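Chemist: A single structure is presented below for examination.
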């Protein structure tokens with residue numbers, strides 16, 4: 001990943017290149033997260049529930065409704081967040097404020113890392129419940145549940161990758177060379193540069209002709225007659 005500019009982004013107001021935008025690693029990884037999220041919640045929503053004879057629905061993952069709801073919940077939020085961060089990638093280049101970019105990068109880092117952890121919990125939870133579940137009638141929904149579990153596992157690494165790229169951006173933002181370039185005030189620097197630094201030793205230099213004046217005073221004292 002090419003880290004440059006303010007928190008890994010170019011200067012604000014530059015021309016937008018759609019081809020270069022879709023080729024960014026962060027955008028590609030966000031699209032992968034978006035696709036995985038659709039699979040995770042879509043498979044469980046479509047085939048994860050069955051209806052009993054009394055009309056009551058149950059989750060085929062060991063009849064644990066929390067397991068199905070968890071998979072759907074983290075998948076839907078991941079789906080919406082992925083689209084939001086893709087839009088944020090587009091707007092990131094337009095952010096002229098360094099603090100705004102910093103807040104976006106920190107939000108990206110925190111959310112991506114947290115959602116990677118939630119997918120890890122979801123993978124372990126769904127796998128454990130699926131191993132205890134009875135086989136559904138006629139095997140309906142088996143492939144969907146298995147696909148949801150597999151792509152929950154893949155989502156751990158895709159969201160962790162997003163967190164890693166966000167960390168690289170944050171690291172570039174706090175670099176000393178970055179701070180001197182983007183966070184310093186050039187007008188203040190020029191103002192102070194107009195006044196040359198003074199040497200402390202200059203304060204103790206003798207005034208001009210002070211030595212000669214002392215010698216003349218001593219000569220006048222000796223020339224006066226004494227009584």
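Glycine too: its Cβ is placed from the backbone N, Cα and C atoms.
Keep in mind that TrEMBL annotations are predicted by a computer and have not been checked by a curator.
According to TrEMBL, the protein carries these features:
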- 21-171: domain 'MARVEL' (DOMAIN)
- 27-49: transmembrane segment (TRANSMEM)
- 69-92: transmembrane segment (TRANSMEM)
- 104-128: transmembrane segment (TRANSMEM)
- 148-168: transmembrane segment (TRANSMEM)
- 200-227: region 'Disordered' (REGION)
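Describe the structural context of each listed feature in the structure shown, including burial, neighbouring residues and relevant distances.
Modeler: Under 8 Å from some Cβ of the transmembrane segment (69-92) lie the Cβ atoms of residues 9, 16, 21, 24, 26-27, 30-31, 33-34, 36-42, 44-45, 48, 101, 104, 108, 111, 115, 118-119, 122, 125-126, 148, 152, 155, 159, 162, all in the same chain and six or more residues away from its ends.
For the transmembrane segment (104-128), the list of distant contacts is 7-8, 40, 61, 67, 70-71, 74, 77-78, 81, 85, 88, 92, 95, 145, 148-149, 152-153, 155-157, 159-160, 162-163, 166-167, 169-170, 173: same-chain residues at least six beyond its ends, Cβ to Cβ under 8 Å.
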